[in-house]
Each structure stands twice: as structure tokens, then as C-alpha cells.
Amino acid sequence: MDHLPIFCQLRDRDCLIVGGGDVAERKARLLLEAGARLTVNALTFIPQFTVWANEGMLTLVEGPFDETLLDSCWLAIAATDDDTVNQRVSDAAESRRIFCNVVDAPKAASFIMPSIIDRSPLMVAVSSGGTSPVLARLLREKLESLLPQHLGQVARYAGQLRARVKKQFATMGERRRFWEKFFVNDRLAQSLANADEKAVNATTERLFSEPLDHRGEVVLVGAGPGDAGLLTLKGLQQIQQADIVVYDRLVSDDIMNLVRRDADRVFVGKRAGYHCVPQEEINQILLREAQKGKRVVRLKGGDPFIFGRGGEELETLCHAGIPFSVVPGITAASGCSAYSGIPLTHRDYAQSVRLVTGHLKTGGELDWENLAAEKQTLVFYMGLNQAATIQEKLIAFGMQADMPVALVENGTSVKQRVVHGVLTQLGELAQQVESPALIIVGRVVGLRDKLNWFSNY
């Protein structure tokens, strides 16, 4: 270990920055946020320093580096564009045993500045020891996506409850189980973020009053249309907190690779060599695992409330009194159309969009007359086996035979394939495509030749 990571208490302590440019301004902002009593020494200053000085936030000393400014300092930063000056600052600080950071010169510095994720009072610092700042920044960005913005509020509130928790729960094990429940409670986190004091108090009292081995909960998460980059941040957070993930065939392997490693996984979809698990059995799996006290994530392709039968699954949980929440996902219609260069609406061609299931309950029938109307886009989910019928019905109810159509197979993934033609070819085109696939019908499909961007990657 080349550097010891420490967190410095600088509030109301003297610190010095030498330099008055953009880099110095970024360092000054950090020290001011930490509450330092800051002096900045430079030949010239960018305007932001004057603003801060006029507001009484720092002291400016205009002129060459004056090493006597270090005499009362706890910490210094050399941030000029002159290597000689920076080295003088470093040497002067070293002789006084003052920690000094030298921007872009880690070997000349006695401490380095990490990339910071600020969820005060929770702080995360990432450093490559000065060898690869870009790598540290990229890692910080990944960690940023995993840590909700309101996490600091949750941590601060936890501090207020520590004495009560210690008083109510006698053993370390009981306290640990309480805090585990506390920190994964989405209702509490959202209430804190919304400054809803009534909801915060109600949720807190519920956490304290319920048994530590109480029933678990189910989170219905939309995984998006395929590309793992389209999974929402909240969806990612949920699958990394899950005890068990119940998933279907439309969830890509890339997304499943993001699931917490020690979480149990239950596959309930149809693939080669597997039989589709009946919906009622899926409902019972969710119910059974939640009743064991587990945090269950039901992971579905697309959005769980758009032809995902999410409502049916939640009704079962509701009847049993199991807590649940929903994380929306990007639905296939939106993702597949965007990755195919097909805008679902356009002022010249489509003023509305209809999302239609091609898989009806026995005896069901679609409203073909309205579906055949002009100036709209139709998106059929699960319609591949009914493509010939869709073609026949739309033409019979008045849709023009030359209406453009597209079928998107494995949309948004590296395996995406798009075939397109006109309505009279729909049944034939469907024979060239394998599930999962989406059918798009409308004049907007004609824009694909100009707007298709994904195939160029």
C-alpha cells in the first residue's frame, strides 16, 4: 500500500492553496465544502475566487508565493501551472511537516486527492495512487450509480436512531438484523428524500414494532428491452440487494451478470429444454419466498406493467399482505424502436401510439376498426405467431396494403435483427424472424433508412 487513505477534519482549520486558475478553483471548492478556513495565494485569480472573497468565504493574497503563509496551516495544495513554484510550495510545506498536494505531480506531493463520492455523512474515496486518474474517475462513476443520492439522508437519520436501537435490541445480532432492514427499506429512503416527516415516523415505528424475522418483500423490477445499459439505476440497486431473483427468458445474460453473486436465482421462463412455469406457480414462488423473510426481486424484461402480467402477480401478494414495490423499466416498444431508427411518433405521420398484445385470452378479439385508423403507430407484443392474422385483419378493416411494417428480433442487443416491408408481406416476413420479436406497423417505419444508427456501430 503506497498511500494510507484517511479522512481529514478541516473545519475551521487554516489551509493554503497556491494558484488562482481553474484547477485551483476546483480544489478550493472541495476545501470550502469541508469547512476549511482557506487562504489562496496567486499572481492572478479567475473571477470565482473574487466572488468567494467578497462573500467572506476565503482570503486572497495577490502576489508571488509567500511561504510564511504556511506557518499556521494544517494542509496545502500547489496548483499553479509553474512546476518550479509548485516544487517550492512542496519543499516549504515539507520543512514545516505540513501535508502538501501537488497537482499532477504525485511524486512531489505528501498526499494525493482521490475521486470522491459525497453522500455526507457517507463518503467514498477512490484512488489509483496517481498512476491512472482516468481509471479512478471511471470507477467513481460506476460507484455513483450504485449509491442513491438520498443515501446520506438515510445515514444521517440512522445516526439519530442509534441510541434507541441500542436500548431496544439487546444483542449485536438483533441490532444487525434491524439495521439490515432499515437500510434496504425503500419507503423510508423515499420519505426522507421527500422530507415527509409523517411518513418517516410511521415507517420508523413499523420497523421498530415488527418482529426481526418478519415476512420479506417483493420488488417487481423491469429489466428493460435487452441492452444492460438500459437497466435503470434503481433496478440495478434492487437486483444487487436481492436475496432471490425470479426471472424470465427476456432478461438478458448481461443483466443477470449484474445480480448479487450470492443471491439465489429461479428461472421461470420458456427456453429450449425448459417448460414454461404456469403463472399461478410463479405467483406462489414469490409468495412462498417472501414469507420466508427474503427480499425477492421479480425481474421481467421490458416494463413489468406493460404486457408483463405484473399486476396479476402483485394482486396475489396484496391478498396475502406481503409488502411490494415496483421499479419501472424501458418497455420493448420504446427500446426496440429507438435502436431500429423508428420514431414511434412524428408530426407528419403518427400522432398516437398503440401498444397491442398479439396474445389474447381464449375468445378475445382486438378492436381492429380502430387499429386500422390513419396517423398512428401500432406496436404488437407477442404477435409473431399471429402475424398473418394481423395482416389479414388490418387490411380487411381498411388499412392500406402498402403500410410499412418492421419486425425487430432481439431488440437493443448485439443480436438485433430488423426485417421490414409492407403490410401485405407481414405474414411472410414473420417466417424469417424468431422470438423474441416485436412488430411495428405505421408510416414511421419508412424513416428507418435515414434514422437507423444502431447498425452502424
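Positions of Cβ are set from backbone N, Cα and C atoms, glycine also.
Together with P225, G301, G302, D303, I306, T331, A332, G411, the S-adenosyl-L-methionine site in Swiss-Prot holds one more listed residue from M172, M382, M399, which is M382. Those same-chain residues not listed among P225, G301, G302, D303, I306, T331, A332, M382, G411 yet with C-beta within 8 angstroms of the centroid of the S-adenosyl-L-methionine site C-beta atoms are G224, L250, F307, G308, G329, I330, A333, G335, C336, Y381, L438. In three-state terms derived from DSSP, G302 (S-adenosyl-L-methionine binding site) belongs to an extended strand segment.
Distance noted between the C-alpha atoms of D22 (NAD(+) binding site) and G411 (S-adenosyl-L-methionine binding site) is 44 Å. Apart from D22, V23, L43, T44, the NAD(+) site neighbourhood in this chain, defined by C-beta within 8 angstroms of the site C-beta centre, holds G19, G20, G21, A24, E25, A42, F45, I46, A79, T80, D81. For the S-adenosyl-L-methionine site, whose annotated binding residues are P225, G301, G302, D303, I306, T331, A332, M382, G411, the maximal Cα to Cα separation is 16 Å.
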